[in-house]
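The structure under discussion appears below in the form of structure tokens.
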Protein chains: 2
Amino acid sequence: MIEFASPSTDKAILEDSGALTPKFDAHGLVTAIVTDHRDGELLMVAHMNAEALALTIETGLAHYYSRSRKALWKKGESSGNMQSVKEIRVDCDQDAIWLKVEVAGHDATCHTGRRSCFYRRIELDNGEAKTVIIDDHRHFDPDSVYGKN
Amino acid sequence: MIEFASPSTDKAILEDSGALTPKFDAHGLVTAIVTDHRDGELLMVAHMNAEALALTIETGLAHYYSRSRKALWKKGESSGNMQSVKEIRVDCDQDAIWLKVEVAGHDATCHTGRRSCFYRRIELDNGEAKTVIIDDHRHFDPDSVYGKN
């Protein structure tokens, strides 16, 4: 398995050298941003520990760390909506990873059955912030895919 | 200023009601994903506390919370690269916000002067993960914009 060296305290090295030295947070995680390689649509935001990042790079299939289940999470294992990774990028301070993916199965990423987790727009309405659903197309039925409980 | 109610513990309400009830983490933050409204390019990832989110919604200019400076951060105040917000979305569990923005000034978002913070691709090279710079165009000179120190 790929091992990652500790990040340099020298910003120039973090930002400009060829070394991948992810800056994992106090919980050992970096943020992962996931977009559709076809049109760039933002699909989801998740987290990766070192194991998930290494497996993603090595296998070409997106792996995350589930904070709620406290476990490695191979995306799509229950739903079939695996993510095949077309490109991986890293940001300037190396605490965020960008995956451009091709989604298998139902072409849906959200556990609600929608294509993207970002299916609601925020709008200001008489001084109050509201959410408005702008994509309600369910590509699968969550109850039958994940089970009622 | 907009105030946000506490998130419901009922997932159905979090995911389907019209209420914006951000799930701030233990540090009082949500993740903010920032893309260019023109072509969807991922520009940066940052964090927002309740004040930054409220100001962003109310003013239409992107505000974040700087974890390193421990302070509200109006993007572009030093560099001129303000972000005018064209659309705001929220994800299913309301712990991530997506801003589609128009970047003013140098049309650059990264503090290194590049358009995007994600200017490096991760590649596997003989079993080791490396980074490769794929965008090295500097829209401004960081030293002259931010000062050497």
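Just so you know, glycine gets a Cβ as well, placed from its N, Cα and C.
Predicted automatically and left uncurated, TrEMBL annotations should be read as such.
Remember, predicted model here, so these are calculated numbers, not experimental data.
In the three-state DSSP reading, A:D95 (Mg(2+) binding site) counts as coil. Look at TrEMBL and you will find A:D91, A:D93, A:D95 tagged as Mg(2+) binding site.
Residues or ranges marked as Zn(2+) binding site by TrEMBL: A:C92, A:C110, A:C117. Taking Cβ-Cβ distances under 8 Å and a sequence gap of 6 or more within the same chain, the neighbours of A:C92 (Zn(2+) binding site) are A:L14, A:E15.
Here TrEMBL flags A:44-119 as domain 'Phosphoribosyl-AMP cyclohydrolase'.
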With DSSP as the yardstick, break the domain 'Phosphoribosyl-AMP cyclohydrolase' (A:44-119) down into helix, strand and coil residue counts.
10 helix, 30 strand, 36 coil
What is the number of other Cβ atoms found within 10 Å of the Cβ of A:C117 (Zn(2+) binding site)?
24
With an 8 Å cut-off on Cβ-Cβ distance and a minimum sequence separation of at least 6, pull the same-chain contacts of A:D91 (Mg(2+) binding site), or say none.
A:I97, A:W98
Mean per-residue pLDDT computed across the domain 'Phosphoribosyl-AMP cyclohydrolase' (A:44-119):
97
For A:D93 (Mg(2+) binding site), what is the tally of other C-beta atoms lying within 10 angstroms of its C-beta?
17
